[in-house]
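These features come from Swiss-Prot:
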type	residues	note
BINDING	18, 41, 76, 77	substrate binding site
ACT_SITE	22	active site, proton donor
């Protein structure tokens, strides 16, 4: 398993809505994540800065990255774009993080 971490950014005032939307994550989106090898996926929020920290374990990063090509993922991005910083294709603005420590 590969460990993948990134940060994303909420627009101010959207903490509750972001949590609500993820509490109600579409079953099709859950299935797509799992089908692309995602496991142990967590997202944390720094409430002072509206910064999100995402962590996911993936079987193969190249396979996981292909989720971006799916219709359900693109629909999810469009749904989330009004409440978080997004790219022109509606994907969230994300900064991949480099792992600097790991304790097994």
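Cβ atoms here come from the backbone N, Cα and C positions, even for glycine.
Annotated features, which come from Swiss-Prot, shown on the structure.
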residue: 18; record: substrate binding site; Cβ contacts under 8 Å, 6 or more apart: 10, 45, 52, 80, 83, 84
residue: 22; record: active site, proton donor; Cβ contacts under 8 Å, 6 or more apart: 43
residue: 41; record: substrate binding site; Cβ contacts under 8 Å, 6 or more apart: 33, 54, 55, 56, 57
residue: 76; record: substrate binding site; Cβ contacts under 8 Å, 6 or more apart: 26, 29
residue: 77; record: substrate binding site; Cβ contacts under 8 Å, 6 or more apart: 86, 89, 90, 91, 92
